[in-house]
Amino acid sequence: MPQTRSQAQATISFPKRKLSRALNKAKNSSDAKLEPTNVQTVTCSPRVKALPLSPRKRLGDDNLCNTPHLPPCSPPKQGKKENGPPHSHTLKGRRLVFDNQLTIKSPSKRELAKVHQNKILSSVRKSQEITTNSEQRCPLKKESACVRLFKQEGTCYQQAKLVLNTAVPDRLPAREREMDVIRNFLREHICGKKAGSLYLSGAPGTGKTACLSRILQDLKKELKGFKTIMLNCMSLRTAQAVFPAIAQEICQEEVSRPAGKDMMRKLEKHMTAEKGPMIVLVLDEMDQLDSKGQDVLYTLFEWPWLSNSHLVLIGIANTLDLTDRILPRLQAREKCKPQLLNFPPYTRNQIVTILQDRLNQVSRDQVLDNAAVQFCARKVSAVSGDVRKALDVCRRAIEIVESDVKSQTILKPLSECKSPSEPLIPKRVGLIHISQVISEVDGNRMTLSQEGAQDSFPLQQKILVCSLMLLIRQLKIKEVTLGKLYEAYSKVCRKQQVAAVDQSECLSLSGLLEARGILGLKRNKETRLTKVFFKIEEKEIEHALKDKALIGNILATGLP
């Protein structure tokens, strides 16, 4: 059995050698006949390396010499490894040939890349020199036209809108007197280490918070040795929550437990410490701290007058007579009475000065016409004197003009655009745009739909508005609580035999009227104590509702 296996192995490789000998004999027909011993020597001779196997499997000079002389028969399959020579590795051979080709061609590629890069640099330099000498080239015209298509007049409008925002500006014209009073008060008490209290009152949008914020920012750079704490009381859930908020700002740590005697004692000890810094406590929307017995407000106004106190209290609210009407006990104690400073509504000339000062920061060519600015100031000063409203109206008018200009510019063909050398004159905001915005904001919100269509104002909301109007006339006050309003509303519904909604739905109706801009709400932790007031003139409401039969009857008969 071993002999048969060895013979079988010899017969497998024998035809390959026989095939190579036959080919060699065909080429060398003039040679003598070889003996069987010579056959074995031929197989071991160096000529076997030059036998015409597949050229792709040969390496070195043998491959170059024998590549043209292809064998007449088909070469062995390349995928099988056993067909090759004993020590030949096809993958290694292919990789060596490929690497040699790379090493031969890589220097030329690098040189070509350098030459190509030098050509590009030279062309860029030439193009730069040409553009400096001649500015009217076709590529430049196309680029400028594409840029002008989207940025023709948008930059000036965006800059104007940025300066007309309601943030605290660097300059506050028309409030020099009030700012001098606040600045002198703070310098006197901070530099003199003297406690005190100041109450700022005025309608919304008259610059109370803006003036105080600007002065405090300036004093931080000028004076040292004081700490500022600013709290907006609208963010507090209850009036008692102001004490944990103050303790958190002073101690720089969270206070989880509710305000009690221990916390009050801790705050008073911190404010009366001998080596402690001066504390400037600013409470915005201070009238939201209204509580039973006004204990919170009395405690806050008594803190500056404790022995060795270094607290400077500044309260800000819309109510003019807060200290007189809500805190009458402060009148009995003269030293606890705060210094009062009222911010009157802005006049027409002051609003014009503020708007022009903002617009002059952008460019000399104003986006708004002078007549449009005068018209906006006159309308706003006649209603409320709120400068924030004037800024919003102007910004909205600029947005309308900007949208019109962008739509026209985008739809204009590229060939119709003016040349870049011609100056671009932006479209200015005129009286028409200001009037359009004011009619949207301050127009007749009570106007109903025309041509016999269904009213856009629901019946329950109209009855609630009539009840509020009659209640204000009867009590001769401007604000009523939601509880009293609901009682009057229920009486009117019973008299007119109309189904009334419950108190929670009455609050929802008030919220819808607030969204329309008809009512204003001063919310409280207790729903019945939420204050309701009109945001538009009563004559306008009466004129819009008196034509209807049911509403006219309610207004004529009054409250039952």
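Heads up, the Cβ atoms here are built off N, Cα and C, so glycines get one too.
Pulled from Swiss-Prot, these are the features on record:
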COMPBIAS  1-12  compositional bias 'Polar residues'
REGION    1-91  region 'Disordered'
COMPBIAS  35-44  compositional bias 'Polar residues'
MOD_RES   SER45  phosphoserine
MOD_RES   SER54  phosphoserine
MOD_RES   THR67  phosphothreonine
MOD_RES   SER74  phosphoserine
MOTIF     93-100  motif 'Cy'
MOD_RES   SER106  phosphoserine
MOD_RES   SER127  phosphoserine
BINDING   GLY202, ALA203, PRO204, GLY205, THR206, GLY207, LYS208, THR209  ATP binding site
MOD_RES   SER419  phosphoserine
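Mapped onto this structure are the features recorded in Swiss-Prot.
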| residue | record | Cβ within 10 Å |
| --- | --- | --- |
| GLY202 | ATP binding site | 20 |
| ALA203 | ATP binding site | 16 |
| PRO204 | ATP binding site | 13 |
| GLY205 | ATP binding site | 21 |
| THR206 | ATP binding site | 24 |
| GLY207 | ATP binding site | 24 |
| LYS208 | ATP binding site | 24 |
| THR209 | ATP binding site | 17 |
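Under the DSSP three-state reduction, PRO204 (ATP binding site) is assigned to coil, being neither helix nor strand. Within 8 Å of the centroid of the Cβ atoms of GLY202, ALA203, PRO204, GLY205, THR206, GLY207, LYS208, THR209, where the record puts ATP, the same chain has further Cβ atoms from ASN318, PHE343, ASP386. On the 0 to 100 pLDDT scale, the motif 'Cy' (93-100) averages 44 in the predicted structure. Taken residue by residue with DSSP, THR209 (ATP binding site) is part of a helix.
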